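Engineer: Structure in structure tokens, see below.
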Amino acid sequence: MAERTARLLLLTVTVGLAWGSQGDREPVYRDCVLRCEERNCSGDALKHFRSLQPIYMSLAGWTCRDDCKYECMWITVGLYLQEGHRVPQFHGKWPFSRFLFIQEPASAVASLLNGLASLVMLCRYRASVPASSPMYHTCMAFAWVSLNAWFWSTVFHTRDTDLTEKMDYFCASAVILHSIYLCCVRTVGLQHPSVARAFGATLLLMLLLHTSYLSLVRFDYSYNMMANVAIGLVNLAWWLAWCLRNHRRLPHTRKCVAVVLLLQGLSLLELLDFPPLFWVLDAHAIWHISTIPVHVLFFRFLEDDSLYLLKESEAKFKLD
């Protein structure tokens, strides 16, 4: 549904980390980066660096300065551990061991698997649900929006840049808003299509204004987090209220209830925020992995509900 919603509800207090963390504020780290850049990132030294850099690293956008930050991060971590201190974060993130050009291997793979699950369920939905089902096109659009979000999540965890960060955040917001629209169509729009169209246009305008402000005015992490928390609460509450009201008449709504409750429960994994195991697997990656079956379950609900609506519409047509 909106896998990131539950996580957003728990991360509000950590927004400040995006602006700086203990590790990157350390004089040892700053001095190390400065010396590394002076030594390696200009003139003949830079040419030498580029000649030795693997092609996949340069294609992924890894620069000499990025490599300096990466190497100095591990030097700083080593000093912390040597002195018996807790592993620090850098730029709002734990230190991760890079694999090839992938910055956060476990989260990137987990995002990719979520995307593949979305693709498989999209194909399954299209194969099992006729296009004449009242919710077919809305559900298909939601599947594509979800697939796009997981693509950018994979890219972001592969290579964290300003662009990939924004696309990850914006596409996550789009998924939540489209889930709200999906719920609106299911609960109101089938009886009042004009209401759903007007509501959908409003949500689209909200997304446009949200992304425009963050892109053109100021990327405010706190505002972005609070905005997503607000729409996430609306999304979860609306789906849960509708499911509980209709669970006796529509047994398949239990799958949707399970999705909402599981997402809330699994989001507690984020509270376990700990340095990555083997410098690869952190709580966020585990959370991403755990959402794969939940994602599949929600698409199963959409499939069951669409087939129910098709059967209901065909029965009404025969009566008419």
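In case you wondered, yes, glycine gets a Cβ from its N, Cα and C as well.
Sequence annotations record features per position, and here Swiss-Prot assigns signal peptide to 1-20. Taken from Swiss-Prot, the feature topological domain 'Lumenal' covers 21-98, 157-169, 220-223. Sequence annotations record features per position, and here Swiss-Prot assigns topological domain 'Cytoplasmic' to 120-135, 191-198, 245-258, 304-320. Taken from Swiss-Prot, the feature transmembrane segment covers 99-119, 136-156, 170-190, 199-219, 224-244, 259-279, 283-303, and the record attributes it to sequence analysis.
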Engineer: Okay, the transmembrane segment (99-119) and the transmembrane segment (170-190): do they have at least three CB pairs under 8 Å, pairs separated by 6 or more?
Structural biologist: no
Engineer: Please indicate, using numbers and ranges, the residues of the same chain that are 6 or more beyond the transmembrane segment (99-119) and have a C-beta under 8 Å from a C-beta there.
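Structural biologist: Residues 3, 56-57, 59-60, 62, 93, 143, 146-147, 150-151, 153-154, 156-160, 276, 280-282, 284-285, 288-289, 291-292, 295-296, 299.
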Engineer: How many of the residues that make up the topological domain 'Lumenal' (157-169) does DSSP mark as helix, as strand and as coil?
Structural biologist: 10 helix, 0 strand, 3 coil
Engineer: Could you give the residue numbers and ranges of same-chain residues that sit at least 6 residues beyond the topological domain 'Cytoplasmic' (120-135) on either side and whose C-beta is under 8 angstroms from one of its C-beta atoms?
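Structural biologist: Residues packing against the topological domain 'Cytoplasmic' (120-135) from afar: 143-144, 147, 185-186, 190, 295-296, 299-300, 302-303, 305-307, 309-310, 313.
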Engineer: For the topological domain 'Lumenal' (220-223), what is the mean per-residue pLDDT, to the nearest integer?
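Structural biologist: Residues in the topological domain 'Lumenal' (220-223) carry a mean pLDDT of 86 in this prediction.
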Engineer: Report, as numbers and ranges, every residue of the chain located at least six residues beyond the topological domain 'Cytoplasmic' (245-258) whose Cβ falls under 8 Å of a Cβ in that stretch; write 'none' if there are none.
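Structural biologist: Cβ under 8 Å, 6 or more out: 1, 239, 297-298, 300-301, 304-305, 308.
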